[in-house]
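Undergrad: As annotated by TrEMBL, active site, proton donor/acceptor applies to ASP147. Annotation comment: TrEMBL describes ASN8, GLU383 as Mg(2+) binding site. Per TrEMBL, the feature ATP binding site maps to LYS15, HIS207, LEU208, GLY209, ALA210, GLY211, ASP283, MET284, ARG285, GLY330, ILE331, GLY332, GLU333, ASN334. Look at TrEMBL and you will find ARG90 tagged as substrate binding site. Summarising the annotation, TrEMBL assigns site 'Transition state stabilizer' to HIS179, ARG240.
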Amino acid sequence: MQKIIAINAGSSSLKFKLFEMPEEKVIAKGLFDRIGLDEGKIKISYDNKESFEKKEHIENHSVAVKRLLDLLLNLDIIKSYAEIAGVGHRVVAGGEFFKKSVVVNTKVMRQINELAEYAPIHNPANLMGIKAFKKALPDAISVAVFDTSFHQTIPKTNFLFSVPYEWYHNYGVRRYGAHGTSHRYVANVAAQMMKKPLAELKIITCHLGAGASICAIKNSKSFDTSMGFTPLTGITMGTRSGDTDVAMISFMMQKLKMHSMPEIIYDLNKKSGLLGISGISSDMRDIEEKKKTSERAQLAEDIFVKDVVKYIGAYTAEMGGLDAIVFTAGIGENSAQIRKLVMRRLSYMGIMIDEERNNQRGKAEFVSTPNSKVDVLMIPTDEELMIARDVQVLASQNEDIHSKNYVV
Ligand code: ADP
């Protein structure tokens, strides 16, 4: 029995989940928000019912980590720091270098820093979290789990853009994808629920949150995914445009009298998607509520559903068949309506909806009928659990773990 903590460090936040392993029991979770800003916020929930909340200035990530560990002690969640055997960190960009999760050493930290050119906001923040925990818990194993590594099995035909080959060869421009930890987790749960080896299945996982991506998984490997060099491509998202024609950029820069690329990229990232189309909200709940009275809210929902249907069709063709579709993340887990609209449009595949199960919430469930030609499942994602599992696997591989570069 040991405790493992999963960390997601952003530029001004630090989210955590503390697990008792191998039981996979969550014993505490929480958030340190507004780090480095005037008034920070701490929220920790534990013991299934208790919670701690306080507003206080949190100077930097090191202070946040020290405060977190002290609170875990003071709230009697742990008896000593030594109980935490491992720390797993979400890292956004692993490039082509990190194909699996790895134990963090100095070389790994240097590489994460070098890969910051692919994720300029996220990788430096992830690294701050890693350094702060290494300082506070020098004896715990430290593991980096990359959003991109699951997609490193995507074949060249699917990861290359049709641009001059040198862009890839010289500068690493290619499809890296995202949400890899989530796609990997739900695909594994789906195979268990279907009682079949993942290696024998063709699955399409739909991670539909504020950010959304779709992944084709063939023989247990990521085969294609909708996000690209950055998270901007793929399906329509809360505020991101998804796939567009890049040639409209110079046209619109002239029309809007914009003088720099970041201005228009900002609009494509922050003012587009459901928000851009509806003019109302980036949140699917608002879109569903307003669609009766707003033509543009209805249009936003229609485009979102069409995009999901389009990618499922394309990936089924690419894989040469389909055994299961999985819905996950905020919209995928909570919106029976979106799942139903997508499944209806896929009735040509022999997909049949189990209306009663589709209307349930909260736990993993088949939402298609037993005689549906393709299984459809709703599976709540758990990226933190996947991170904790990776830490555990790596920790068990060798006692001399700190000196080597083991991979999961
Ligand atoms: P992210 O992790 O990308 O920030 P989440 O996976 O938490 O996003 O998903 C958040 C989104 O989920 C919200 O913006 C909202 O659109 C959607 N969502 C949450 N609950 C519901 C619901 N009951 N019905 C429809 N959409 C929902």
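Any Cβ shown, glycine's included, is placed from N, Cα and C.
Help me picture these features in the structure, burial and contacts included.
TA: For the recorded site, ASP147 (active site, proton donor/acceptor), the DSSP three-state label reads coil. Listed in sequence order, the residues of the same chain lying 6 or more apart from ASP147 (active site, proton donor/acceptor) and placing their CB within less than 8 Å of its CB are ARG90, VAL91, VAL92, ALA93, GLY94, GLY177, ALA178, HIS179, GLY180, THR181.
Annotation note: GLU383 (Mg(2+) binding site) sits in a helical segment as assigned by DSSP. Neighbour list (GLU383 (Mg(2+) binding site), Cβ cut-off 8 Å, at least 6 residues apart, same chain): ALA6, ASN8, ARG90, THR181, SER182, TYR185.
Taking a C-beta cut-off of under 8 angstroms and a sequence separation of 6 or more, ALA210 (ATP binding site) has the following same-chain neighbours: MET237, GLY238, THR239, SER282, ASP283, GLY330. A coil conformation is recorded for ALA210 (ATP binding site) in the three-state DSSP classification, outside any helix or strand.
ARG90 (substrate binding site) counts 22 other C-beta atoms within 10 Å of its own C-beta, drawing on all protein chains shown.
ARG240 (site 'Transition state stabilizer') carries neither a helix nor a strand DSSP state and counts as coil. All chains included, 27 other C-beta atoms sit within 10 angstroms of the C-beta of ARG240 (site 'Transition state stabilizer').
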Undergrad: CB neighbours of HIS179 (site 'Transition state stabilizer') within 10 A?
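TA: Step by step: centre on the Cβ of HIS179 (site 'Transition state stabilizer'), count other Cβ atoms within 10 Å, giving 29.
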Undergrad: May I ask which residues of the same chain, at least 6 positions away in sequence, place their Cβ under 8 angstroms from the Cβ of ILE331 (ATP binding site)?
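TA: Result: LEU208, GLY209, ALA212, MET284, ILE338.
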Undergrad: Between the Cα atoms of LYS15 (ATP binding site) and ARG240 (site 'Transition state stabilizer'), what distance do you get, rounded to the nearest Å?
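TA: Just about 23 Å between their Cα atoms.
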Undergrad: I'd like to know which of the recorded positions listed (LYS15, ASP147, LEU208, ARG240, ASP283, GLU333) lie near ligand 1, counting only a CB under 6 Å away.
TA: ASP283
Undergrad: List, in sequence order, the same-chain residues at least six positions removed whose CB sits under 8 Å from that of ARG285 (ATP binding site)?
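TA: Result: none.
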Undergrad: Can you count the other CB atoms that lie within 10 A of the CB of ASP283 (ATP binding site)?
TA: 16
Undergrad: How big is the gap, in Å, between the Cα of GLU333 (ATP binding site) and that of ARG240 (site 'Transition state stabilizer'), rounded to a whole number?
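TA: Distance between the two Cα atoms comes out at 20 Å.
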